[in-house]
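So the structure is just underneath, and the comments pick up after that.
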Amino acid sequence: MINEILDKVGRLLEEVRTKKPLVHSITNYITATDCANVILAVGGSPTMADYVKEVEEIASISSAVVLNMGVISEKMVEAMILAGKSANKNNVPVIFDPVGAGVANFRNKSAEKILSEVKVDIIRGNISEIKFICGLRSETKGVDASERDMNMGNDKKVIVAQELAKKLNCVVAITGVDDIISDGKRNVILSNGHKMLANVTGTGCMSSALCGAFAGASDDYFIAAICAVLTMSISGEIAYEKSKGIGMGTFHISLIDAISMMNENVIKEKARVTTINR
């Protein structure tokens, strides 16, 4: 099964460059540039429109829509719901990044409102965010996962991901030291990445943007999520080797470089994937 997954991931890396999916990303001003750049780096075409009077139209012609709660407001929630509903109506996949879910009442209610009105196809977040969405007690530390949640065993994280995937009929990606991805039936643990990724603002948001790019070129959103997370985590390893002893700025640039150069051979050489039957 692992070889089959990696074959599909490798093909998708090529297909996204051929199809050049238009990815409508309603995201936050902190990470918007990096999100746009990683979409471009893998071959997609980003649009970052968030004005309520145009989001429905843009979503309707897009290949994927990414809704990111990094900086939230009533107008942003309205725009996300309008874009999400338009995407649903036009069979466009929706990726939801519930940044900071669990940390504050308005943010929590916003996440709940979006999910009550929009059918999402991929949810990507850290373990604390995903636990909150799943209705479990979480201990979010700002927009970061709490240490207690991060120290949950992978077996428990797989259960959380799988149950939420079944509940919402979507793919769930929990990113962290190890990454858990489930569509409710298929479950994988991805064990790539480097701790330096946590020191760059927005690598989670970038991972969600990559989910949009790959989902926009595939109808298998489980594979799209795996492709996105492996691309980010393996690129983190490569970027660390290139920037070792230099500093964070070089790591950041090297990360984008590595994402832009990702291909099937690199994935098959470096990916560490474990399938979980449950």
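In case you wondered, yes, glycine gets a Cβ from its N, Cα and C as well.
Around Gly202 (substrate binding site), a 10 Å sphere centred on its CB holds 22 further CB atoms from the protein chains shown. The substrate binding site annotation in Swiss-Prot covers Met48, Gly202.
Long-range Cβ neighbours of Thr175 (ATP binding site) (same chain, at least 6 residues apart, Cβ-Cβ under 8 Å): Arg124, Gly125, Asn126, Gly204, Ser207, Val229. Under the heading ATP binding site, Swiss-Prot lists Arg124, Thr175, citing sequence analysis as support.
Listed in sequence order, Ser25, Ile26, Thr27, Ala32, Cys35, Ala36 are the same-chain residues six or more apart from Met48 (substrate binding site) with CB atoms under 8 A from its CB.
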